[in-house]
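As structure tokens, the structure follows; a few thoughts come after it.
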């Protein structure tokens with residue numbers, strides 16, 4: 001639900017030493033905002049520095065006493081901020097500045113620049129603090145070693161250099177204090193402690209909730225449609241039909257698959273098992289539930305898209321009875337709303353609480369639902385663009401296992417033959433359009 | 001009972017803080033919210049234990065008036081605090097889901113004792129979350145005393161209350177990480193919030209809820225969309241437009257609000273995405289010079305297969321459903337449609353919006369949806385929802401004040 005005044009811009013700035021998860025938080029927030037329908041972008045100080053100063057910078061470049069380097073870095077940071085301001089002026093809603101911003105002076109400059117460039121902008125500072133050396137080492141291992149800055153070093157050299165870089169920053173680090181009069185959130189040790197200061201407003205409150213629930217546990221999310229339904233066989237939309245014979249067979253094979261996937265009782269009890277309230281999904285889930293001895297939660301939020309007056313018709317019938325609507329939907333499948341029904345955009349809005357709940361969970365998540373709904377869920381975690389949602393491929397009789405990691409999402413597709421139980425696995429399944437996105441032109445383009 | 005997620009574990013919310021810090025207010029709000037979203041929740045306090053005990057002088061505030069030299073007082077207070085804790089344990093051992101505790105929790109020792117009591121007496125899985133309210137703004141404390149204490153103890157003065165509080169403040173110990181408790185500290189009504197070791201779905205939800213609370217007593221206006229042709233034909237559901245009379249009534253509504261809101265354009269203004277809601281809101285909005293936010297969350301309950309039928313037709317075609325609905329009106333779900341419980345779930349984000357708003361709120365929606373919103377502010381049990389009366393052409397004005405909600409209704413002619 002979007003309750004914010006669109007004319008009010010939002011700028012979010014990160015604060016923290018390197019390897020504290022600032023970029024992770026920035027990306028997650030960016031994803032969340034774009035998903036909710038806001039125009040959001042991340043501006044990474046580090047990327048500007050790489051573009052302009054090159055990637056051959058070792059830790060000495062970050063020495064606070066290295067005046068020349070300091071000036072260069074300061075100029076890069078200013079550019080990032082200016083680009084953010086321009087973005088907001090040209091129709092952007094949320095600008096996220098991903099940088100260390102560890103001195104009061106720097107924060108003061110940025111806050112002033114933002115406040116003076118706009119008539120009523122909301123700024124939010126997010127400081128990530130971490131004293132747990134294990135977590136920091138892990139962060140470095142997962143994200144820094146593959147960093148373009150270290151393409152000429154081996155991982156051991158890279159780690160040493162990076163730790164030196166952090167030491168440089170530590171010399172001048174000033175944590176946010178209340179007298180700076182900033183709206184801020186401090187998250188410490190991956191959410192063990194959170195401090196919220198002067199954060200008011202619809203969207204900012206949502207951000208606080210979102211950040212409180214962020215974690216980096218790599219838990220798997222299993223998505224599957226119900227087994228083939230009677231309406232699938234007849235090629236009809238909507239309705240609340242039950243499973244066909246083939247669908248029932250799939251339910252059995254699906255239960256077997258999950259039984260293998262979750263061998264121990266501890267794991268089973270921890271699973272978050274969600275389904276819709278429609279017969280075909282409930283029926284499929286019940287078979288799985290019985291085999292695993294766990295209970296699914298039936299959520300109306302996961303019910304299939306409401307096709308309104310077209311309920312129970314085939315596409316041919318719709319084309320005949322409502323030719324205008326049929327055409328409209330072809331042109332704009334995303335925004336088209338079935339009369340007395342829903343659009344994909346409505347769906348995206350509808351499932352937001354479920355997404356929140358999945359983000360929050362540190363345990364495996366299992367969802368048995370419907371095509372349109374799963375398209376939305378899949379798109380969110382797989383980082384597809386919203387316009388792609390209505391055409392994503394979510395076939396029947398297939399389990400999609402997503403494992404979101406720090407900056408990307410692993411995917412594995414398990415196609416189960418309902419009759420034979422034969423399984424064929426597609427690892428690293430890539431939807432066509434995703435491939436083209438990876439050809440970045442510069443570091444600044446995210 | 002349909003809930004988003006039923007707690008596996010019982011939950012105890014313990015309130016910490018000096019008097020006049022809003023603990024009772026917070027517990028009251030939370031309790032109301034938790035019951036509304038479907039949990040069985042209750043508050044256990046020294047005050048409550050006192051009210052249940054006829055032998056005690058009801059004019060003494062055992063929470064507040066502590067005279068450390070009067071051993072009898074001190075003992076009574078301890079006793080009441082323990083009684084409340086035992087009642088809490090009993091509640092959870094039976095069918096209670098969530099219990100809020102407002103008793104002796106001001107020192108580390110008190111808290112350790114309480115923890116031990118729960119550990120000893122509760123024979124099932126449970127989670128404890130501590131909620132501390134801290135305030136050093138003298139104006140706020142003064143307001144709190146005025147609004148909630150003085151009305152109960154008419155012979156006391158503000159000075160006397162302040163003295164009592166100062167005595168208690170001497171031994172007060174704020175929550176510390178070393179106590180190993182999962183907590184949230186609300187400082188100066190949410191200007192500063194500290195959260196430590198937050199765990200679990202429900203606690204997360206509670207934190208989100210608490211972040212939105214404030215102490216502004218602002219008005220909430222609930223209005224139905226105006227008359228449509230369906231009204232005249234006695235049909236339910238559908239997405240009809242306003243009738244001519246409906247449009248006229250919307251104009252009158254607009255006039256009413258011009259007077260009522262006195263030019264305030266900062267109000268929070270919501271409507272549904274149904275034609276009658278949008279049209280009513282447009283006419284009213286034009287008069288006020290503001291635009292309503294349209295959200296599908298405020299759409300009328302989905303009548304499923306009964307949509308568009310008249311009341312008589314439904315009685316004829318679906319007598320079984322009518323019987324079912326009579327038997328259990330709250331949980332009854334129209335086939336292929338929704339139940340009131342579904343509507344509550346759908347409307348929850350709106351409640352957050354209303355709570356968050358410090359300006360007046362105007363909501364133009366539909367019968368079933370408004371029943372659910374109204375129940376949040378006014379009903380102790382959601383089973384009362386189906387019987388709530390939300391007449392057309394009537395503005396229901398709610399003003400939540402500490403521990404209560406004022407209501408007035410104005411029929412627009």
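Cβ atoms are placed via backbone N, Cα and C, with glycine included.
Look at TrEMBL and you will find A:226 tagged as active site, tele-phosphohistidine intermediate. In sequence order, A:243, A:247, A:278, A:280, A:281, A:283, A:284, A:368, A:369, A:370 are the residues of the chain that are 6 or more apart from residue A:226 (active site, tele-phosphohistidine intermediate) and have a CB within less than 8 Å of its CB.
The active site, proton donor/acceptor annotation in TrEMBL covers A:304. Residue A:304 (active site, proton donor/acceptor) carries neither a helix nor a strand DSSP state and counts as coil.
Residues annotated as substrate binding site in TrEMBL: A:225, A:226, A:227, A:228, A:229, A:230, A:231, A:232, A:280. Under the three-state DSSP scheme, residue A:280 (substrate binding site) falls in the helix class. Counting every protein chain shown, the Cβ of residue A:280 (substrate binding site) has 29 other Cβ atoms within 10 Å.
Per TrEMBL, the feature domain '6-phosphofructo-2-kinase' maps to A:7-218.
Within the same chain, residues at least 6 positions away in sequence whose Cβ sits under 8 Å from that of residue A:229 (substrate binding site) are A:241, A:242, A:243, A:244, A:247, A:280. Mean pLDDT for the domain '6-phosphofructo-2-kinase' (A:7-218) in this predicted model: 88.
Each of the recorded positions A:225, A:227, A:231, A:304 was scored by the other Cβ atoms within 10 Å of its Cβ; the lowest score goes to A:231. Summary of the substrate site environment: with the site residues A:225, A:226, A:227, A:228, A:229, A:230, A:231, A:232, A:280 set aside, the chain residues having Cβ atoms within 8 Å of the Cβ mean position are A:233, A:241, A:242, A:243, A:244, A:247, A:396. In the three-state DSSP reading, residue A:226 (active site, tele-phosphohistidine intermediate) counts as coil. When the Cα atoms are compared, residue A:227 (substrate binding site) and residue A:304 (active site, proton donor/acceptor) turn out to be 14 Å apart.
Recorded residues residue A:231 (substrate binding site) and residue A:304 (active site, proton donor/acceptor) have their alpha carbons 13 Å apart, per Cα-Cα distance.
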